[in-house]
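Annotated in TrEMBL:
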BINDING   Asp25, Glu216  Mg(2+) binding site
ACT_SITE  Asp25  active site
BINDING   26-30, Arg38, His42, 70-72, Trp74, Arg76, Arg197, 203-205  substrate binding site
ACT_SITE  Asn73  active site, proton acceptor
Amino acid sequence: MFHLKKKEKVTIPLQVPKHIGIIMDGNGRWAKKRLQPRVFGHKAGMEALQNVTIAAKEMGVQVLTVYAFSTENWSRPEKEVKFIMNLPVEFYERYVPELHKNNVKIQMIGDVARLPKATYDALVKAEELTKLNTGLILNFALNYGGRAELTQAIRNIAQEVLDAKFNPGDISEEMIGDYLQTSTLPRILRDPDLIIRTSGELRLSNFLPWQSAYSELYFTKTLWPDFNEKSLKEAIEEYSKRQRRFGGV
Ligand code: FPP
């Protein structure tokens, strides 16, 4: 258990969220402030992700779901999309070995089969290499869109009904959870306890719409490449102060 030292020397026990979702926003603005091309920000963002993942693991977080590329991001300039698509390749070579040493397990959600082959292959290699690790799960949301995820789940459930596997009345919230892409996570870890969005934007942008129903939301003006261990601790401190009631009293 971590303890936070307040100025008046009162210690507040830190409640560490089991699952944190992160919308890593602000890479482009970070680069612009430095008069650099946007892709420079994405590279710095990848470095930030590595540091935050290791810090999260050390604090006892069990799942980190990171929004790395949304289904809407394809509309960016072709050069930028190409650069982002190459990040997992670089990530596999430069960063995955250290994550593997830290017992991190890499997984992914999203329509990953539609990613360029090299991107997809790098992610599959990372998954394969780390599949027996038992520590923090780093869950990449790549080519992910929450509505697309729900649409696919509804299609699959409708098909099962047509195939007479069950009746519409048997469909429960728990069953829907089993048809979502987060069903690859352990059942009690599927929903993020906390969602962090960097760069000052105040929305969820199609990130885990079903799973975030009861998530605590934390918004910070910090741009993603500047988000670090200290920023993560601040977010967790804020989370610790909130009382989650899940609709109760
Ligand atoms: C949003 O910032 C960021 C992205 C769309 C890309 C995020 C990717 C990373 C942080 C690297 C992830 C690493 C791997 C291995 C995939 P933005 O470009 O929208 O920034 P802006 O709002 O300032 O323009």
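Glycine too: its Cβ is placed from the backbone N, Cα and C atoms.
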Remark   = Gly28 (substrate binding site) has its Cβ surrounded, within 10 angstroms, by a count of other Cβ atoms equal to 20
Note = For Gly26 (substrate binding site) and the residue listed as 'active site, proton acceptor', the CA-to-CA distance in whole Å is 14
Task = Work through the recorded positions one by one (Asp25, Asn73, Glu216) and name whichever has its CA nearest to the CA of Arg197 (substrate binding site).
result = Asp25
Key: Entry from the binding-site residues list Trp30, Trp74 having the most other CB atoms no farther than 10 A   = Trp30
Ask   = Here the binding-site residues are Asp25, Glu216; which one has the lowest number of other Cβ atoms no more than 10 Å from its Cβ?
value = Glu216
Task = Quick one: pull the CA-CA distance for Leu204 (substrate binding site) versus Asn73 (active site, proton acceptor), whole Å only.
result = 14
Message = Under DSSP, is Asp25 (Mg(2+) binding site) part of a helix or a strand, or is it coil?
response = coil
CB within-chain contacts under 8 A for the residue listed as 'active site, proton acceptor', separation at least 6 = Val81, Ile84
